[in-house]
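**Q** Pasting a structure below so you can have a look.
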C-alpha cells in the first residue's frame, strides 16, 4: 500500500506502485488531461514515473511555472525530431530551457536560413497534430552508447563521456527520434501546440571559439495562445527598442569591424556617458569613497600572483615589450590591492573604500558580442572596500541602500536580490564561509526587501549578492554585485595592523552598482526607448525661430540656457516650424522653444515638449526653473514613449 499526501493534506491510498498520472486520474479526469508532470517529495518527476513509497505529491499543469518550463523543454526535443526528419545528416547537440523559451544547438554542414526555420516550424506543427505519446525509458549506459553510435550522434556520445559515473540515462522517445535528458517532459505532444521559432544564431561547441561552430535555433512556448501573443508583442517592442537601432538613429555611437567589441562614442552618446560618470562620481564621493586611477597594462607577474594568468588567460589581451609579458587588465581588483599596499594600514583606517572608473578589456568570443550589451572594452563603476570581518555586515547593508537609491534615480523600482552561496570547489574554511554568508544574509534582511538564495553559485573565494533590474518590458538585467573576498588580499600580501598590534589580512569587498557603463547605457536606451529623462538627454532644449528675424534672439536664449548649465542648441534653418518640431521630436529632445515676433517683442518663449504638450508662453528664467525641477526628478518619472 502506497499512501499519497496531496497539497490540501488529504491522503489517497494505492495498491502497490502508483504514478503521478494515476494520482491525477483518481482526483478527476480533467486534472489527468491537464497533467504535465508532478512533484514527489519536492522533486520534479515525469507523469508516468513509478512512485514506490509513501510520498507528498503535487500535480504540475501548464498553469504552473514548472509546467511551462517542461513544455519548453519538450518543445526543444520536438524541434530535434523535426530537424532530423527534414535534415537527417545533421548532428544534434544540446537543447536546454532558457528564459521565456528554449534553443537547440545543431551541427550542420549547410547553414540554416529563414526558409529552413519556417520548414522546421511547419514540420513541428505536423508532428504535434499526430498527438503521439512521449515515452521515457531508463536505459543502461552501454545501450545508450550503442543507440547514439548507430545514429551517428557524436555530440551525444561526447556528453555521455562527460558523465563517467552515470550507469543509466533517461531516453525520451518521440516516435523514431530519441533524445537524452534528465527530464521531466510532457506525456504527449498535445501540450506543445502553443510555440513559435523565433531566431537563429551561431554558437560554439562547449562555448569555446576554438571549437567547431554550431547553429542555434531559438523558440518560445507557452501554456496558451494569449500568453504567446503577449510575448510576441513584447519581442516586437523590444526590437523597436533595440539600442543598436536607436543608437544609430539618435547618433549616439557605432561599432565597426576594425575594432570588434569596442565602442565609438559620438558626441550625443558621450554626453550620456559623461552625465552618468559625473553622477556616479558624486554618489561615491558623498558615500565615503576615494577615487583612484590605476594602469591599464600591467606586468604578467601581478596576474600570476592574483591567479588571473592561470585561470583567466584566454580572456585577457596580452602584449610584450623588452622581453617582458604584459596583460591589458580585464578587471581592476589586483591593482587596487597595490594601492592599498602603499604604506602599512591600521585598523583605524578601515573600512577603506577605493573607487575607479576602470577601463577594462576582455577577449570575449566574437560570436558573443552584441552592441553595448556584450563588448570587449568597457568601463566599470568599480570599487573595493577593505575592511575587517566584523565590518562586513554594515558595509554590505550600506551598499544595498546606496545601490537601491541609485537604481531609483534611473526609474528602476523592481529590484531582484539574490545571495549566491558556497560552491563545491572553493577556498577557505567552512567557518569563514558561514560567517560571510550570514553577514550578507543579515545585511539583506536589514533592507526589508525580498531576496532569495542561489545555492552553490558563489565565487570560489566567497559569497556574493547580485542585483537585477526589471525594465519597462519586464526583462531582467543583472547589474550590481558585491562579493566577499578574503583570498586575493592574502595572495597579494595585503595587511593591516589590528587592535592587538598584530598583522592581519583584510577582507576585500568587490562591488559595482551599474556594472559596465556601456551595458548600463544600452539598458537605459532600451528601457526608455531612446526617450531619455531630461537629466540624461544629450540635448535638453532646442530653440527654433519662425523666420530669420528671430535668429539673433534665439542665439541669445541658447546662451542664457547654457550659462544656467542646460544643454541647449538652436535650429535656425529656413524650414517650416512644424517640420522642425517634428524632426526634433524624432530626435527625442525634451523641450522645444519657439520664438516668433511676439515672443521676441515680449522677451518670452513659447514652450512645448517632445510628447506634444504645449506649456505656453513663459520667461526664460521660469523655463530654467522648470527644467531644473525636471532634472532633479532624474529618472523617477519615465517619459511617455507613445510617440514612436
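Keep in mind that glycine also has a Cβ here, set from the backbone N, Cα and C atoms.
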**Q** Which single residue out of 174, 185, 510 does Swiss-Prot record at the Zn(2+) site shared with 333, 384?
**A** 510
**Q** Suppose we draw a 10 Å sphere around the Cβ of residue 384 (Zn(2+) binding site). How many other Cβ atoms does it contain, all chains included?
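**A** The answer is 27.
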**Q** Taking the mean position of the Cβ atoms of 333, 384, 510 as the Zn(2+) site, which residues outside that list, in the same chain, have a Cβ no more than 8 Å away, listed in sequence order?
**A** 331, 332, 336, 382, 383, 483, 485, 488, 508, 509, 511
